[in-house]
Amino acid sequence: ELRLVGGRSRCEGRVEMEQDGTWGTVCDDSWDLSDANVVCRQLRCGWAIGAHGEATFGRGTGPILRDELGCQGNEESLWECPAELQHDCSHKEDASVVCSEHQSWHLAGGLDGCAGRVEVFFRGTWSTVCDSSWYELEAEVLCHTLGCGEPLQHLSFPHTLPTKMLYQCEGRPPSLAQCHWTYNKSAPCHQSRAAGVVCNGETP
């Protein structure tokens, strides 16, 4: 088994592997995008856009199961990659990845990080969000995700980035990534504007 821990979605975080029923971590010595790509593909999270060391997503526990990983990048799983099984590492050197299927958001162009145009980082690029299905629920989910309280006001902006995202939420999901989303399809975004929001909180 393989998993990412400590990130904001299942496609971002500290790399943890299971061996003989015990979960452990990977040391960041010679950790790079080729190694991270194998992790992202194995987890069906696309490709790697970040390969981080020094316990970026917090220190793990348990054994350190791999050191000096040397993946080519085309292996089916991390177990196939050459590696040292003995290590001289501590958990402050735990390796982590950010994969392309992870989504993160910010509000741009407002007075602070709790107001502005909604932009999402996905598959290595920033996109605007179409307002054709952007309603109170979608705005609520985003304001909560950003730690910005509740939506106060809806804004609309021109689309000036090359790619677009569309969200349609139901219920009360913890983030927009759990809503139904469509990436860069022109039909549902036709004649839309870029969604914006003012939340009632402030960025700490």
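Just so you know, glycine gets a Cβ as well, placed from its N, Cα and C.
Since we're looking at a predicted model, the values are computed, not measured.
Annotated features, as they stand in TrEMBL:
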- Cys71-Cys81: disulfide bond (DISULFID)
- Cys169-Cys179: disulfide bond (DISULFID)
- 2-100: domain 'SRCR' (DOMAIN)
- 105-200: domain 'SRCR' (DOMAIN)
Query: Hey, which of the disulfide-bonded residues Cys71, Cys179 is the loneliest by Cβ count within 10 Å?
result: Cys179
- request: Take the C-alpha atoms of Cys179 (disulfide bond) and Cys71 (disulfide bond) and report the distance between them in angstrom, rounded.
  value: 34
Task: To the nearest whole angstrom, state the Cα distance for the pair Cys81 (disulfide bond) and Cys169 (disulfide bond).
output: 40
- request: Count, for each of the disulfide-bonded residues Cys81, Cys169, the other C-beta atoms lying within 10 angstroms of its own C-beta, and report the residue with the smallest count.
  value: Cys81
Task: Write down the Cα-Cα distance for Cys169 (disulfide bond) and Cys71 (disulfide bond), rounded and given in Å.
output: 39
